[in-house]
């Protein structure tokens, strides 16, 4: 039956809306880089050289400059008031015996006071009595240290604590410096995020690297605490942006099937950098030299200016067609693939369509949309609480590692080592059991491991360290899950806003957590107990969230409100996600779960559209688009619909560009 005959259509025919929708789709169809990458190589030689040779090593400065501060602010175990009159006439031990009283609380252990000395005139005493015959009188009056301190430098001989006398009433200053580092993080992510989108990934990364190295240089040259703390704010501006930008470049260079692999490898490189930092801090104990050694080598990264490409996705988004083609053609050539000849014309057509689309009005969404409806409001609160607990406890445990065990360098090294196997196990569990239960169990069990340290005797140093390492491994796994889980729970329409809000609130905990770890000066296990309770609370909170594995992900706010609305306690107890088939009216976001023997409405529309195309289009066009076999149809389906990643994905804007999100 000739389709050109208008009488063959009736008002209720399925072909009439198909004709209209097909024309709209053809008009709005945009160039999809994920469709091109399988042709020129999703993870070929080009991507491997860039990812392993440039992007992953470019993440290492983040860990180096975030945690070297812990060792620059080392506090010696022993210190006491300095008495200038006795410096040249007595030994160190004699000065302590003569001028320093015993600590009343630890008199059995003959522990000398750290913050008081005898208030006597040593000049007069030395004039009247030979130094060898002077005996301390415990009835002498006491006074606070007024001439500084002396330190036992057998283990720690250089730190800002020693140089700037950050002890006694000033012992909280290193904690203030650590909080200053974390204050800069949210600010820097916002600023470099803007630069990342407007000036490009390369410009943003090297600007971020320059800021980091400038702050590190200022750290090395600091002459007082406040200059040092100011330099840490500058360094903090780049953390975690200096980690995220090359990570995003990696994700934008590889195909969608390799994004989860790149994500896990990025975490592994980051953790390996922290392990390397533990070795550097063990070999170099001078805090100024340590600052140089953990920053100066990264000046070599400016050589990446000559080899690091701009993200082709960003170039396409900005309409820089020639530059995008150059990168993609180089990728194809290095990968040994042939670059499709029709890509340039399609890209030019896409640029023209994008310019027209800019004139269209878009619905603006904001923070209020996250809390406008009951279910979305509840999920936003739960996600944010879980994110806050997870990020706060994870970083808190990282900060607290050197305080545990008999060797702070070994403890810090082990706290990084245990993260790597947790990433690999987590990678497997997320694909088998979903997101919710692995996230919840890892947070609850990790928190309990922290809490039960209070039951371990004080002298059981190794046992406390083992429980800490178990907790750190579990929290590392949960930290890997929270980001993709939150991205899947927020609907596409407000995903960027939602993750931004949750991560920002989570980042506020990083300002507080240094003061929690500060409590360990008086009670070693108290910070672990506090962090344990926070982790357990966050773990139980996440149980109320709906599972996302094998589920169609919401696109609009209305779909987000419906997703998980009929939550029941039985769902909470279910520990394995089941595949869900898309319904006729739902948004199709996971096309892979459709039964091969089932003909969906989408397939019917596509078949009708292809039939119409055969009869109405010129032969040259028909030859390009037919035959529509199963593989071709599935590829088009995946292109026109949004497919859920099986493990993790980074959020993208409407044009496919990766978003920079505050993720430490």
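Glycine is no exception: its Cβ is also placed from the backbone N, Cα and C atoms.
The domain 'Major facilitator superfamily (MFS) profile' annotation in TrEMBL covers 116-550.
Panel annotation: around the transmembrane segment (172-192), residues 66, 69-70, 73, 75, 160-161, 164, 166, 204, 207-208, 211, 225, 228-230, 232-241, 244-245, 399, 504, 507-508, 510-515, 517-518, 660-662, 664 of the same chain, lying at least six beyond its termini, place a Cβ under 8 Å from a Cβ of the stretch. Taken from TrEMBL, the feature transmembrane segment applies to 172-192 (among others).
For 233-254 (among others), the entry in TrEMBL reads transmembrane segment.
Look at TrEMBL and you will find 261-284 (among others) tagged as transmembrane segment.
Through the fold, the transmembrane segment (290-308) approaches residues 50, 54, 57-58, 60-61, 64-65, 68, 71-72, 202, 205-206, 209, 212-213, 216-217, 219-220, 249, 277, 280-281, 284 of its own chain, all at least 6 residues removed from its boundaries and within a Cβ separation under 8 Å. For 290-308 (among others), the entry in TrEMBL reads transmembrane segment.
What TrEMBL records for 409-430 (among others) is transmembrane segment.
Residues annotated as transmembrane segment in TrEMBL: 437-456 (among others). Non-local neighbours of the transmembrane segment (437-456) in the same chain are 386, 389-390, 393, 397, 426, 429-430, 463-464, 467-468, 470-475, 477-478, 481-482, 485, 525, 528-529, 531-540, 542-543, 575; each lies 6+ residues outside the stretch with a CB under 8 Å from one of its CB atoms.
The annotation transmembrane segment is assigned in TrEMBL to 468-486 (among others). When Cβ-Cβ distances below 8 Å are used as the criterion, the transmembrane segment (468-486) is approached by residues 264, 267, 383, 386-387, 390-391, 393-394, 397-398, 400-401, 404, 411, 414-415, 418-419, 421-423, 425-427, 429-430, 435-436, 438-439, 442-443, 445-447, 449-450, 453, 498-499, 502, 528, 532, 535, 539, 542, 545, 548, 645, 647-649, 661, 663 of the same chain, each at least six residues removed from its ends.
The transmembrane segment annotation in TrEMBL covers 498-520 (among others). For the transmembrane segment (498-520), the residues of the chain that approach it from at least six positions outside its boundaries are 172, 175-176, 178-179, 182-183, 185-186, 367, 370, 380, 383-384, 387-393, 395-396, 399-400, 403, 483, 486-487, 489-490, 526-527, 530-531, 651, 659, 661-664, judged by C-beta separation under 8 angstroms.
Listed as Cβ neighbours of the transmembrane segment (526-545) (distance under 8 Å, sequence separation of 6 or more from its ends, same chain) are residues 378-379, 382-383, 385-386, 388-390, 392-393, 396-397, 400, 436, 439-444, 446-451, 453-454, 468, 471, 475, 478, 485, 489, 513, 516-517, 519-520, 564, 567, 572. The transmembrane segment feature in TrEMBL is assigned to 526-545 (among others).
Only residues 6 or more beyond the boundaries of the transmembrane segment (261-284), in the same chain, are considered here, and those with a CB under 8 A from a CB of the stretch are 43, 51, 55-57, 59-64, 67-68, 71, 243, 247, 250-251, 254, 290, 293-294, 409-410, 412-413, 416-417, 419-420, 423-424, 427, 480, 647-648, 650.
For the domain 'Major facilitator superfamily (MFS) profile' (116-550), the model's pLDDT averages out at 86.
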